[in-house]
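As given in TrEMBL:
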{"type": "REGION", "residues": "1-190", "note": "region 'Phosphopantothenoylcysteine decarboxylase'"}
{"type": "DOMAIN", "residues": "7-180", "note": "domain 'Flavoprotein'"}
{"type": "ACT_SITE", "residues": "CYS159", "note": "active site, proton donor"}
{"type": "REGION", "residues": "191-399", "note": "region 'Phosphopantothenate--cysteine ligase'"}
{"type": "BINDING", "residues": "GLY273, CYS274, ALA275, ASP279, LYS289, PRO307, ASP308, ILE309, VAL310, PHE326, LYS340, LYS344", "note": "CTP binding site"}
Amino acid sequence: MQTLAGKKILLGISGGIAAYKCAELTRRLIERGAEVRVVMTKAAEAFITPLTMQAVSGKPVSDSLFDPAAEASMGHIELAKWADLVLLAPATADLIARVSAGMGNDLLSTLVLATDAPVAVSPAMNQQMYRNVATQENLVTLERRGYTIWGPDAGEQACGDVGPGRMLDPMELVHRCEDFFGPKPLEGKRVLLTAGPTREALDPVRYLSNHSSGKMGFAIAQAAVKLGAKVTLVAGPVTLATPAGVQRIDVISAVDMHQTVMSHAASHDIFIGCAAVADYRPESIAEHKIKKTAENDNLVITMVKNPDIVASVGAMTENRPFTVGFAAETQDVEKYARDKLLKKNLDMICANDVSIAGQGFNSNDNALTIYGRDCEQSLPLASKAQLAQSLMLLINNKL
Ligand code: PMT
């Protein structure tokens with residue numbers, strides 16, 4: 001079936017052993033109706049020849065920024081504009097690093113800089129190189145910028161090592177392209193969500209807050225956009241870039257966040273409370289900096305309860321969106337999460353155990369258990385981007 005009819009895919013091949021799979025990948029994409037143009041790095045040509053890729057794609061292969069003949073037929077900016085999707089496969093650690101640094105020191109990296117088409121990256125490298133902190137951080141950077149990461153697979157590697165770093169099979173990449181261009185399950189849906197911490201002022205220079213980085217909520221916003229939704233993100237004070245296509249409203253305190261959410265909730269289909277909202281705030285904010293005094297060794301601050309945002313949305317009687325909360329727990333995770341599901345009148349709650357190192361607050365990974373009125377599903381440890389996509393698909397199934 002011509003599932004990719006008319007789709008223009010720019011296949012960027014870098015220098016890894018998996019490059020030999022690109023002939024098969026190109027054939028399968030073309031078989032499904034895609035038009036494929038191939039760009040190779042010089043290192044890629046050590047693994048598969050441009051002639052082979054030209055023969056299977058039926059188009060000249062580009063490999064140099066400084067080739068007058070190639071620039072005269074289809075220049076690099078034209079190529080960048082031509083693509084509906086740029087697929088970097090295999091994407092070596094080196095290519096990933098250069099793209100993440102925003103370099104344009106060869107044709108392929110320049111094209112990635114110059115395109116406004118979505119970019120999918122299919123990592124392929126030795127398992128130790130893949131696990132290296134530099135590579136992991138580069139991949140997180142790309143994900144945050146809206147790039148899609150496909151793979152890698154784990155298993156035996158060409159070098160004899162075993163572990164993650166194998167490029168996805170050509171047919172798996174073809175399926176990912178089909179899904180990418182296929183109908184978007186959240187098309188027409190409006191998603192409102194909160195992310196990050198809140199700050200509760202004590203005086204003009206101090207506040208109470210928590211360790212939320214906003215990464216989980218921002219990943220959900222990005223996943224929802226990729227699945228076709230229109231997204232409004234109410235963000236507490238965080239340093240993250242706004243995911244492409246997301247409408248962001250910045251707030252500081254729980255009261256600000258509450259007001260903003262309540263003025264938007266009725267016009268959205270789904271509300272997700274991912275922010276770590278302060279339960280209490282100081283009863284009053286001192287007009288001037290609170291001074292240390294010789295007489296007092298203790299400072300007593302009276303706190304008052306903040307409005308509960310997700311419970312306020314859960315209690316709406318008109319135009320109530322499908323309401324999803326989070327539960328950040330350190331013990332009896334299921335019990336507390338289920339209590340919150342009922343008490344806050346939610347449709348679903350995502351429980352995370354924030355006592356486990358390497359997940360939860362301020363990490364790139366997380367693990368969630370989702371409880372609904374009639375469902376329960378575990379999403380094991382994975383990147384926040386992957387969890388966000390699975391969560392949005394689960395929510396969509398329950399609408
Ligand atoms: O931001 P990251 O660093 O990526 O970390 C992600 C996270 C750990 C913050 C996230 O996964 C998470 O668990 N968010 C919810 C944190 C939280 O406040 O949990 P809670 O169990 O205290 O609150 C339960 C629910 O009530 C949450 O949906 C919360 O947003 C909501 N709430 C709480 C208090 C309040 N006044 N209003 C609320 O809406």
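Glycine is treated like the rest: Cβ placed from N, Cα and C.
Automatic prediction, not curation, is the source of TrEMBL annotations.
With respect to their backbone Cα atoms, CYS159 (active site, proton donor) and GLY273 (CTP binding site) stand 46 Å from each other. Taking a C-beta cut-off of under 8 Å and a sequence gap of six or more, ASP308 (CTP binding site) has these contacts in its own chain: VAL277, LYS344. Burial estimate for the recorded positions (CYS159, ALA275, VAL310): highest at ALA275, by number of other CB atoms within 10 Å. In the three-state DSSP classification, GLY273 (CTP binding site) falls within a strand. The binding-site residues listed here are LYS289, LYS340; among them, LYS340 has the most other Cβ atoms within 10 Å of its own Cβ.
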